[in-house]
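The following features are taken from TrEMBL:
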SIGNAL    1-25  signal peptide
TRANSMEM  220-242  transmembrane segment
TRANSMEM  286-310  transmembrane segment
TRANSMEM  322-345  transmembrane segment
TRANSMEM  357-381  transmembrane segment
TRANSMEM  387-409  transmembrane segment
TRANSMEM  444-466  transmembrane segment
TRANSMEM  478-504  transmembrane segment
TRANSMEM  516-535  transmembrane segment
TRANSMEM  547-565  transmembrane segment
Amino acid sequence: MGSCRWKVLAAAFLAIVGSLLPVDADEHEHTYTDKEEVVLWMNTVGPYHNRQETYKYFSLPFCVGSKKTISHYHETLGEALQGVELEFSGLDIKFKEEVMQTTYCEIDLDKAKRDAFVYAIKNHYWYQMYIDDLPIWGIVGEADENGEDHYLWTYKKLEIGFNGNRIVDVNLTSEGKVKLVPNTRIQMSYSVKWKKSDVKFEDRFDKYLDPSFFQHRIHWFSIFNSFMMVIFLVGLVSMILMRTLRKDYARYSKEEEMDDMDRDLGDEYGWKQVHGDVFRPSSHPLIFSSLIGSGCQIFSVSLIVIIVAMVEDLYTERGSMLSTAIFVYAGTSPVNGYFGGSLYAKQGGRRWIKQMFIGAFLIPAMVCGTAFFINFIAIYYHASRAIPFGTMVAVCCICFFVILPLNLVGTILGRNLSGQPNFPCRVNAVPRPIPEKKWFMEPAVIVCLGGILPFGSIFIEMYFIFTSFWAYKIYYVYGFMMLVLVILCIVTVCVTIVCTYFLLNAEDYRWQWTSFLSAASTAVYVYMYSFYYYFFKTKMYGLFQTSFYFGYMAVFSTALGIMCGESSV
């Protein structure tokens, strides 16, 4: 009886898996035979200036072709989170088979439908389609110079390039401008022309890239400028360390000539006064160690994702970058637990389970909280960015059944392998009083000034990253991003060394939070720059797009700040 049950379960499993696998050559394999069906997917439609404010294509009163509907499911987690909503166009397209101008449907234009089209045209609505995973963009319509009459483009003229049995190029020309008049019938038509192309399949996305923008001389100059900043800061840190070591060496040489009484009566000065307090546990060690562990994980994710993006062209697959980042983040959870747990143990923390939970869910709670808040607005707008319930459940399952157990493993390893304090000097039982110091030596001032140079080393790259995400550019120069990440780490380390030196020299041993926040203040400058970018570099408008922009920019800036703060401790 038991073997029979297992056979039934195995057969059901194979049936489900078999239903998900493609049977014939199609857009999943990107190979076609002559006269094989080629699917034109309609994705989303929305205002041109609000890239993230998108709606289902058929939320506008477009009509659909007569061909039988094909359903589409989200193939990756990234697709679902990014609001990809593919719907079959109903157009009959076959590989290498040309189609003359053909009417595929008619729109009965009543007043409600006309008003919907007029609203879309006034707000510069554009739509996106896909053929064999190649994106195509078109505009809904246009208005006359006076803005009184509005016209709808009714003729989709497709020109598809092929190389062997693969599609390598798609172009759309919108024609057939028809004036929108209520109580009329509008015929929608299309045509397909096939042409042989010399473009290789591996290079078919090159037409969507913009080398003149990303490889502009300003981009190269910013990298050179940041590199010179690195040289200056490394020289400054080296000078401080050499000056300190030289004075110490001279002082020790002088002490060798003193007797024991004179040596005991000698006064220590500057940072040496606090050598017995410098390794004192930080205030709020639980939060501090959780932030350090999260910062280590964010740095690991950034490094791995950039390397993967340099090796693989992630921009060629819908949602692949986001999916990769999510699964890499889940896989690197032991890094968070190891560094956070070991630091908490070194500082004498006893509530290690609470620290593990906070470290594991600190970043996911911030991201998911922001996403769910924006999701309510997206649902109100009926936008395609509204996250489906099933996707929410999948994300929660990743957090509880992948991130948390791996974080637990890392915490246990960190506490047992490197959780014992191994400080080079003994910590005094009684904390030393902190003397009065000049205003510019106060921790608050050091924190505010500490993020200026790290931000200065990356703000040009921030412009290119913002433009690729919030505008219509595909970011592909991940070699630049890797170089900027390395420069940012070096600059942050050098700045925090200098800040910590000045703080300890003022006999203030509260260096942990000051060092972390002086580097993390880079996030404040990045977020301030996002305000400048929003008001002066974009034409975004509306509650949904504004909340989406500033919500996710807050998440990005906070994650960047935590990563920078981690590299300083």
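Just so it is clear, glycine is given a Cβ too, placed from its N, Cα and C backbone atoms.
TrEMBL labels come from automatic prediction, so no person has curated them.
Using a Cβ-Cβ cut-off under 8 Å and counting only residues 6 or more beyond its ends in the same chain, the transmembrane segment (444-466) has close neighbours at 213-214, 218-219, 222, 225-226, 229-230, 233, 475, 477, 480-481, 484, 487-488, 491-492, 495-496, 499, 502-503, 514, 517-526, 529-530, 533, 537, 564. Three or more CB pairs closer than 8 A are found between the transmembrane segment (387-409) and the transmembrane segment (357-381), so contact between the two stretches is assigned (pairs 6 or more residues apart).
Among the listed stretches 286-310, 357-381, 478-504, 516-535, the one sharing the most Cβ pairs under 8 Å with the transmembrane segment (220-242) is 478-504. As a quick check, the transmembrane segment (357-381) and the transmembrane segment (516-535) miss the bar of 3 or more Cβ pairs under 8 A, pairs 6 or more apart, so the two do not touch. Contacts between the transmembrane segment (547-565) and the transmembrane segment (286-310): present, as 3 or more C-beta pairs lie under 8 angstroms, all at sequence separation of six or more. Tertiary neighbourhood of the transmembrane segment (478-504): same-chain residues 214, 219, 223, 226-227, 229-230, 233-234, 236-237, 240, 244, 270-271, 274, 278, 299, 302-303, 306-307, 309-310, 441, 443, 446, 450, 453-454, 457-458, 461, 464-465, 510-511, 514-515, 518-519, 522, 564, 567-568, selected by CB-CB distance under 8 Å and a gap of 6+ residues from either end.
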